[in-house]
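Undergrad: What Swiss-Prot lists as domain 'RNase H type-1' is 1-142. The feature Mg(2+) 1 binding site is assigned by Swiss-Prot to 9, 47, 70, with sequence analysis given as support. According to Swiss-Prot, the feature Mg(2+) 2 binding site maps to 9, 134, an assignment based on sequence analysis. As annotated by Swiss-Prot, region 'Disordered' applies to 124-149. Among the features that Swiss-Prot reports, compositional bias 'Basic and acidic residues' is placed at 129-149.
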């Protein structure tokens, strides 16, 4: 089974405001680029949407995935915090509702289908995959901004 490498990024103009997400999937010499955006969102939601859309694009289950993000929120949320949230009925340690619970639940479901190595990379530091994912996210943001009333 070959490993699929995914680079993701999100962008937002204002927080909240229009936002975009970008993802690159690479496997066996192939490459697929994805992007999208929303007219009213947050940076964290766009970081999460990039990962969700990339994982949803995988056609088969049981994939070995390396997912590279510059979002500590995304990486720590899915690898550390989510276990406690689920035990507490999607509440934080101080008993408040988890923000972005709709996306965390989607991501949780998607992670069950694959073996995922979640990795963090410093944003805007020259990593080619992160830089391209950022470009895609900004394109998604521009498209979302164009759809605003």
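Note: Cβ is positioned from N, Cα and C throughout, glycine not excepted.
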Undergrad: Which bits of the chain, at least 6 residues beyond where the region 'Disordered' (124-149) starts or stops, bring a Cβ under 8 A of a Cβ in it?
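TA: Result: 5, 7-13, 18-24, 26, 33-39, 41, 46, 50, 68, 70.
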Undergrad: Quick check: which same-chain residues outside 9, 47, 70 lie with their CB within 8 A of the centre of the Mg(2+) 1 site CB atoms?
TA: 8, 10, 46, 50, 69, 71, 74, 123, 130, 133, 134, 137
Undergrad: Using DSSP, tally how many residues of the region 'Disordered' (124-149) sit in helix, strand and coil.
TA: 19 helix, 0 strand, 7 coil
Undergrad: Measuring Cα to Cα, how many Å separate residue 134 (Mg(2+) 2 binding site) from residue 70 (Mg(2+) 1 binding site)?
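TA: On Cα coordinates alone, these residues lie 10 Å apart.
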Undergrad: Check the binding-site residues 9, 47, 70, 134 for other C-beta atoms within 10 angstroms of each C-beta and report the one with the most.
TA: 9
Undergrad: Quick one: average pLDDT across the domain 'RNase H type-1' (1-142), no decimals.
TA: 96
